[in-house]
Amino acid sequence: MVAHLGCIWQELLKWNGWGYNDSKFIFNKKGQAEFTGKRYRLGGMVLPTFKEWIEKTFGASLEHKTTSRASLNVNDVPPSIVNEEFLQDLRATKISYSQDAEDRVFRAHGHCLHEIFVLREGMFKRIPDIVVWPVCHEDVVKIVELACKHNLCIIPFGGGTSVSSALECPEEEKRTIVSLDTSQMNRILWIDEKNLTACVEAGIVGQDLEKQLAESGFCTGHEPDSMEFSSLGGWVATRASGMKKNIYGNIEDLVIHIKMVTPRGIVEKNCQVPRMSTGPDIHHFIMGSEGTLGVVTEVTIKIRPVPEYQKYGSVVFPNFERGVACLREVAKQRCAPASIRLVDNAQFQFGHALKPQVASIFTSFLDGLKKFYITKFKGFDPNILCVATLLFEGDREKVLQHEKQVYDIATKFGGLAAGEDNGQRGYMLTFVIAYIRDLGLDYYVIGESFETSVPWDRVLDLCRNVKERIVRECKEKGVQFAPLSTCRVTQTYDAGACVYFYFAFNYRGISDPIHVYEQIERAAREEILANGGSLSHHHGVGKLRKRWMKESISDVGLGMLRSVKEYVDPNNIFGNKNLL
Amino acid sequence: LYFEDILEERRLSSDLRYAMKCYTPVIYKGLSPCKPNAIKSAVLQSEQVQYVIKQLAKEMGESPDIIQEEAMEILDEMGHSMQLGAVRFFAFTLSKIFKQLFQRVCVNEEGMQRLQHAIQEHPVVLLPSHRSYVDFLMLSYLLYTYDLALPVIAAGIDFLGMKIVGELLRRAGAFFMRRSFGGNRLYWAVFSEYVKTMLRSGYAPIEFFLEGTRSRTAKTLTPKFGLLSIVMEPFLKREVFDTYLVPISISYERILEESLYAYELLGVPKPKESTSGLLKARRILSDNFGTIHIYVGQPVSLRTLASGRINRCPYNLVPRHLPQKPSEDIQEFVSDVAYKMELLQIENMVLSPWVLVAAILLQNLPAMDFELLIEKTLWLKGLTQTFGGFIEWPDNLCARKAVLSGLTLHANIARLVDGHVVLNDKGLEDGAVGEIVFKRALAILMCATYRNQLLNVFVRPSLVAVALQMTRSFRKEEVYSCFSFLRDVFSDEFIFFPGISLKDFEEGCFLLTKCDAIQTSQQEIYPTDKGSVIVSFLSAMFKPFVEGYQLIFRYLSKETKEAFTEKQLIPGVRNFVFQLLEKGNTQCYEALSSDMQKNALAALVQLGAVKKKKIVETLLWDPATKFLNSLAGCFCLPLPFGFQSFSQGFDKQREQSCLFLIEGLLCVLE
């Protein structure tokens, strides 16, 4: 077997949870929560109020603990079935591959709750039989040719951060499943400073891309919450959206050119232009195709000079309604900062619980004073108020001007500026929240996030109804503790907003928590659709949300997508069964 | 089941203190408190109303300000201005009045508790049955007594004609709607937004009558859909998480307006609501009206009703504030909900022993042996309970006493003479024939008002019984086909859930089997020996309707040649029937009832035998004479062969051959 390159990255990451091995929430000897590692700002800090928040919110207790199995039990792993002729052909290409159990399991899942739960306590019924690591476009062409020749199933794998069951292998797939890991295709091929574009191999993960571009003074500005781990090709395949889309745009605005290898051949355009009128844009068949048509190998993406100045900010509103009204006004005036988010009261309290121990008496005194001012002097109810977090970017002068404009609008809606620190902590929460789920899993708390987009006039109704539906469904399904059911308006557009929900509950006393969880999530999705929300704003459909595709895009719409699939991949080589 | 008499406490303690009690009702959890006037201005400023104002301004070339002013006037005319003072005034005076009029006002305690929870959880819509003006006064009085939020009530605009009383009602929470405003878009927009605003904000429970008006016959009227579709809209558009619909059944042992209704049904017009009229009504205060039973039903979650039923996004593709005609799906859903609520009202309606007595008496005119009546009453009690009727038989009261107490309470209708019970026919012996017929009709219609309370409980098994007799066949298919035809013909007379003819038939058969009246096999239905008594009692119970409809059809086919208006029809039929009665050619006094006449006409329109035409603001009905002819014929004569093919459908192709067949049959039979 040819030695493979994939392990270095893989070894840094947890095999049964989110993110880096060295970064996780723990309870230290004093029983206080702490975040380990040095990778994040929160690393090594003690979070004095977090434990109490967990106990209060979920009714969880440190005494009731579940433990994941410590490592993968290789004997449970389904065997790798690969025919020898293919292996011979593959060896001839010199492309590295592996049939090792750990490598295969690592690529058999994304990060849906049920997938992590299976890793901790069970085993997948079907996983890839073999993992291949192409290092360039030509390697991919060869692999796809071999797959067609031997009638194999290819499932492309980027960063593995999917939350739509997109990476799960269809149980009934009888052919050999090849996991095509793009992680070794991670070079920036060229940077074109005149046109401000860069051609990048699709396997590069977000943080590497930004790091390497920054060396030349550029960035893409595309920052999905998963950007540490998710890949460029994955963004294209799922129609990803970034936190700072207000300045840089979503993936569909950023992409200039895509090269994709399909069973039918290579699809690409003849030039790299800002726009063209040549029938329906073929990029839109590719973006959101979720690995059903082929493998994206190279992408030309827009770049920008790294901004001179960044500033966080936050605003407190007396209630969620006023907050939403303010965001709507900001969107109307088209003056949204790089990012503007509005968290509801529950999420505000959640963020508050993650406040690290303060260093000095002076800071704690100031905090007390701030709290007094807002709740007593301004009369905000701490159980109703909500917070908007802001991120401004650009040259210093313009940022300050912009900041003033936004704060002026906020004031009209009863908002009070609440400092940079609160803002920054809000964004940090985004990166660490996935780690919190792993902590919860240790204490009988399961949870997940999901998202939607919705017209402005329905934002409030949708948020209220979906949260209420979750609470009710929990009660009906026998969940014994009130769930955490919280949302934030996380992106603003001219015509609507993107809303993000967190939902978690303590499952003690329930025999089949994952099934219950899935029923409730499904009910929540039904509620979203009934309230005029979309099936997904940026997570994609995968296999998790397939059942609603027909009503989302109509019969004919679905037929259009099917006919493209039929032409491009008549033998269903890309057989992950996503989307359609 | 436990009923509490709310008057008992009133008889023991001070009414004044009761009226001045500390009143802090439980309210909807999401309520942001606001004053009646704030609601009005919210309605006026709403996108919905503003949109219509702008549209109308554009279309009529008027300034929006003028239309806005018009909207304001509508709101002022319509809006309630609930004030605690007025509520307390009512609490005091109604205590006095109710104690005078009624022996007891009994309420199901658990229903009130359920309501209390419901009010806090979601917006609530109260849907009481409507038999009397007392209904809404009593309901508000009840909620006040139990410290629940007082409802705002949709009342007919005619109440505003009563000067002081109208304003008082307004302050007690009534809001007023015009009887018809179909064409007036501004009125519709303002009205519906007013109702929806109150509902969305959870301001107060909203109360209205599905039946639209007081049922003059004590028989549940087919539902009106307008207001119901308005209160359902906020949920369907997901502006609220859920809405509770609460069916409430109010039954009167003796209805305050009983004789007024009888006159009205016979064509003596109802007095216009006026304050002086109300004062004149004072003399009824000395009369006894027995017991009222109020059953507050289980709150029904609209969300639960809609789940899996409504195509989820009927409102997703249009801004929610635009006036939008509800899709067919939604209309059907609204109609189903309306029928479901009425059926729940019927199911929970408390029946008094007197109702049984009235039903038996009407089958045994002119006189009936008292002992036999008692025996029959007991028998009918059992049967009613088998059919799911909800009889409130005073504790351990023997049948004799129960019947006697009914006779005492209803001395104006029937009385005991020499061991026989007869209808109250004072002055019947002398006087012209016409007068005798009229007086007899009055007594029978009043008596029928009480029997009618049984009909919706009995209608399914009874129509099976009627069908058995009409078809004279045991073949299930034939009996069902006749049943289904009868159900169509009586679709405005009784309450049937739309579109479930077969289920109704099966239920009817099941109930008849349950009381051993029939036996069924895969293919056949046949009465048992014991069952013939039940079967003939049941079909006799519905005979007035079969005969009445037959008379009306005959009138329409023989006596009218051209199109007619409703105003012409009613007196026409009345005279026709009156003459037959005078000549002694029929005994069907109930065919004089304008209610039956209207229902029959509506059924004919639905069956396609009469067509509705609109010519310059007047509705005309155009009868298809030949068709009617056969309908009348078919309806009265047992038709052993032809029935099935006739009733299977009225599609055009078959119509002709059906007529042919039936005419042929008629000849043979003559």
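Including glycine, each Cβ sits where the backbone N, Cα and C put it.
If you take the C-beta of A:TYR500 (active site, proton donor/acceptor) and look for same-chain residues 6 or more apart in sequence within under 8 angstroms, you find A:SER449, A:PHE450, A:GLU451, A:CYS487, A:ARG488, A:VAL489, A:THR490. Feature annotation from TrEMBL assigns active site, proton donor/acceptor to A:TYR500.
Cβ contacts within 10 Å of A:SER162 (FAD binding site), excluding its own Cβ and spanning all protein chains shown: 29. Taken from TrEMBL, the feature FAD binding site covers A:156-162, A:238-241, A:290-296.
If you look up TrEMBL, you'll see A:ARG437 marked as substrate binding site. For A:ARG437 (substrate binding site), the number of other Cβ atoms no farther than 10 Å from its own Cβ, over all displayed protein chains, is 21.
According to TrEMBL, the feature domain 'FAD-binding PCMH-type' maps to A:124-306.
Within the same chain, residues at least six positions away from A:ARG341 (site 'Important for enzyme activity') with a Cβ under 8 Å of its Cβ are A:ALA388, A:THR389, A:GLY426, A:ARG488, A:VAL489, A:THR490, A:GLN491. The site 'Important for enzyme activity' annotation in TrEMBL covers A:ARG341.
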Under 8 Å by Cβ from A:GLY294 (FAD binding site), same chain, sequence gap 6 or more:
A:VAL144, A:MET260, A:VAL261, A:THR262, A:PRO263, A:VAL267, A:ILE286, A:VAL568, A:ASP569, A:PHE574
Do any residues at least six apart in sequence from A:PRO156 (FAD binding site), in the same chain, have a Cβ closer than 8 Å to its Cβ, and if so which, in order?
A:LEU180, A:THR182, A:GLY233, A:ALA237, A:GLY291, A:VAL295, A:VAL296, A:PHE574
Measuring Cα to Cα, how many Å separate A:ALA240 (FAD binding site) from A:ARG437 (substrate binding site)?
22
Inter-residue Cα distance where the pair is A:ARG437 (substrate binding site) and A:SER162 (FAD binding site), in Å:
15
Give me the CA-CA distance between A:GLY159 (FAD binding site) and A:ARG437 (substrate binding site), in Å, as a whole number.
19
In terms of DSSP three-state secondary structure, what is the assignment for A:ARG341 (site 'Important for enzyme activity')?
strand
Sort A:ALA240 (FAD binding site) into helix, strand or coil using the DSSP assignment.
coil
Over the domain 'FAD-binding PCMH-type' (A:124-306), what is the model's average pLDDT?
97
Once the chains shown are all counted, how many other Cβ atoms turn up within 10 Å of the Cβ of A:ALA240 (FAD binding site)?
26
